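Participant: This is the feature table in Swiss-Prot:
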- Arg195, Arg196, Gly197, Gly198, Thr313, Asn337: CoA binding site (BINDING)
- Gly389, Glu390, Pro391, Asp413, Thr414, Trp415, Trp416, Gln417, Thr418, Asp503, Arg518, Arg529: ATP binding site (BINDING)
- Val540, His542, Val545: Mg(2+) binding site (BINDING)
- Lys612: N6-acetyllysine (MOD_RES)
Amino acid sequence: MDRLESVLKEERVFYPSEEFRKQAHIKSEEEYQRLYEESVRDPEGFWGRVASELHWFEPWRKVLEGDLPHPKWFVGGKTNLSYNALDRHVKTWRRNKAAIVWEGEPGEERVLTYHDLWREVQRFANVLKRLGVKKGDRVTIYLPMIPEAAIAMLACTRIGAVHSVVFGGFSAGALADRIKDAEAKVLITADGGFRRGGIVPLKQNADEALKDATSVEHVVVVRRTGEEVPWTPGRDHWWHELMEAAPDRCDPESMEAEEPLFILYTSGSTGKPKGVLHTTGGYMTYVYYTTKLVFDLKDEDVYWCTADVGWITGHSYVVYGPLLNGATTVMYEGAPNWPEPDRFWRIVDKYGVTVFYTAPTAIRSFMKWGEGWPGKHRLDSLRLLGTVGEPINPEAWLWYYHVIGKGRCPIVDTWWQTETGGIMITTLPGAHAMKPGHAGKPFFGVVPEILDGEHRPVENPDEGGHLCITRPWPSMLRTVWGDPERFLQQYFSQHPGVYFSGDGAKRDKDGYYMILGRVDDVLNVAGHRLGTMEIESALVAHPAVAEAAVVGRPDPVKGEAIVAFVTLKEGHTPSDALKEELRAHVAKVIGPIARPDEIRFTDALPKTRSGKIMRRLLRQIAAGEKEIKGDTSTLEDRSVVERLKEGA
């Protein structure tokens, strides 16, 4: 039976305050249920109503045409995302409202009002046009977390160019692969970026990448660090010089709803990166609405999502979602612990952040650094917290709730993917009770199903399987850029006719979904299928443990043995006695079947630059492989892998 066993029990339930509930957009479980049923029964009526809150140059003739894997949304409708994110607000009192509040790692501040941003975006749209960029051309953006990244994205959408943002932490090789795949005409980069007090050599990486990626005709360089950088006359241009010469009026291109908006690459475990393609109308409508309801956005909110624009979270919930809602969005350039581990909390207090959205990996780091750091700050402006990027273990959830939210801020634990475009499963903060470790319920219009290996629905509560989506939703990816076969093979071949997320999940008796991690992060131990996330959660619940990553290694008797890589909190030291204590602890929390066969202490875990643990590398290390295979372009610190190999 291809079913995931779920073994970690977390029974506590938390409710939003009456005061929060009264003010929320969706105020009760009953209201959620009524709207959800309508969104499933009449998706065209529901999404047509939502899309009507935005501006369309020409109305659609049909809201939804066709079905998975190739639905079309808002057919015949014409709109422009930058118009909806900027022009719509500039015509109202929001004209002089802060759109982007930015802080650089060294401490500089910039505030761009909606009017400022509108003018800058139009200027840069004209710059792109003068460089020969036309509708449908691809533009690669390789920048630090600075306002110019958002300006460049919005300028592309204004003229119908397709942007491909590449995370500034990626290597020259990873950048070259992504430029070549998209056949980008223009590259936008900076002389460098600041990270932990050092300088990231973006221009140097760009020059290296362009030796291999020859489609690029022009490189626009933002002066960020003032470093001397190599220069290719005729090809390279300073951002500020081009902007000085550009007019600040550029009419938005009228875009068909299904025309391409952006490509964003996700790393496959092997082979070349996948270029996920999102289109204009459906993506715009869905991120607008999810941002509004999941974060319960109000006009007075100061909203901060800590993601980098190089990831989908940065696209949907740093730039597009907040600006479509006329919100104030905070951008921060640097590391959470630079110069000290309270940098995030300083920013929260300084700007009066009300809604805060970050990753579980960051929360576990905050736990490791101790309560003293957030304890130095008031944090009383916060009213709502969120998590994104991976399942959050109950221990980290409870710490976040009590230490950062002071027990008064609801937490939205959001499940979604690059491919889904927007949040798919979550609690709505005024409507739902929260269960630590459970993402929550499907967002409007989202119809999940948990299937076993034989494509049968898993009916029993708390029995796991593959998380699939059975109906189209507006912001889903439309294809893999240049590779339609890979699109079908990757997402629609495992369970015919439905979208397969690659994640395992279970649904409890109340309809709450718990995400069990990637299906390929499932262990088969003596015929039992165990989700790695549950064993990791049990380990992290031990007071000595800061972080844990669990993988399987081949075992002649059990099929797979359980290997746990563990980092300890400050004040705890590795010992054989602690190893035994941790093994016994897991056996007690989950059951003897989940007792790790081996525990390896380490000072750090190998992570991608977005903070996800690279379990694939840990599997290779656990199996004793001397050479690390597969794509490691997203690995943040290679020395971690070397130290783990030496300690093997």
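Numbering starts at 1 and runs along the chain as displayed.
The backbone N, Cα and C atoms fix where each Cβ goes, and this holds for glycine too.
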Participant: Sort Lys612 (N6-acetyllysine) into helix, strand or coil using the DSSP assignment.
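Facilitator: DSSP assigns Lys612 (N6-acetyllysine) to coil.
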Participant: Among the binding-site residues Gly198, Pro391, which residue has its Cβ surrounded by the fewest other Cβ atoms within 10 Å?
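Facilitator: Result for the binding-site residues Gly198, Pro391: minimum number of other Cβ atoms within 10 Å at Gly198.
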Participant: For the recorded Mg(2+) site formed by Val540, His542, Val545, name the remaining residues of the chain with Cβ within 8 Å of the site's Cβ center, in chain order.
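Facilitator: The surrounding set, listed in chain order, is Glu395, Ala538, Leu539, Ala541, Pro543, Ala544, Ala546, Ala548, Val566, Leu582, His585.
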Participant: I need the CA-to-CA distance for Arg518 (ATP binding site) versus Lys612 (N6-acetyllysine), whole Å please.
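Facilitator: Cα to Cα, Arg518 (ATP binding site) and Lys612 (N6-acetyllysine) are separated by 12 Å.
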Participant: Just to be sure I understand the packing, how many Cβ atoms besides its own are within 10 Å of the Cβ of Thr414 (ATP binding site)?
Facilitator: 25
Participant: Report, as a single number, how many Cβ atoms besides its own are within 10 Å of the Cβ of Val545 (Mg(2+) binding site).
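Facilitator: That number is 25.
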Participant: Applying a 10 Å Cβ distance cut-off over all chains shown, what neighbour count does Trp416 (ATP binding site) have?
Facilitator: 25
Participant: Given the binding-site residues Thr313, Asn337, Thr418, and counting only Cβ atoms in the protein chains shown, which has the most within 10 Å of its Cβ?
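Facilitator: Buried the deepest by this measure is Thr313.
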Participant: Work through the recorded positions one by one (Trp416, Val540, His542, Lys612) and name whichever has its CA nearest to the CA of Asn337 (CoA binding site).
Facilitator: Lys612
Participant: Within 10 angstroms of the C-beta of Arg195 (CoA binding site), what count of other C-beta atoms is obtained when all protein chains are considered?
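Facilitator: The Cβ of Arg195 (CoA binding site) has 17 Cβ neighbours within 10 Å.
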Participant: Of the binding-site residues Gly198, Thr313, His542, which one has its Cα closest to the Cα of Thr418 (ATP binding site)?
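Facilitator: Given the candidates Gly198, Thr313, His542, the nearest one is Thr313.
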Participant: Ranking the binding-site residues Gly197, Gly389 by other Cβ atoms within 10 Å, which is at the bottom?
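Facilitator: Candidates: the binding-site residues Gly197, Gly389. Fewest Cβ atoms within 10 Å: Gly197.
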Participant: Which whole number of Å gives the largest C-alpha distance between any two of Arg195, Arg196, Gly197, Gly198, Thr313, Asn337, the residues noted as binding CoA?
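Facilitator: Pairwise Cα check on Arg195, Arg196, Gly197, Gly198, Thr313, Asn337 gives a maximum of 25 Å.
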Participant: A 10 Å Cβ contact count, applied to the recorded positions Arg196, Arg518, His542, Lys612: which residue has the minimum?
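Facilitator: Among the recorded positions Arg196, Arg518, His542, Lys612, the sparsest Cβ neighbourhood within 10 Å belongs to Arg196.
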Participant: Test of understanding: give the count of other CB atoms lying within 10 angstroms of the CB of Val540 (Mg(2+) binding site).
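Facilitator: 20, counting other Cβ atoms within 10 Å of Val540 (Mg(2+) binding site).
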Participant: How far is it from Arg195 (CoA binding site) to Thr414 (ATP binding site), counting Cα to Cα, in Å?
Facilitator: 27
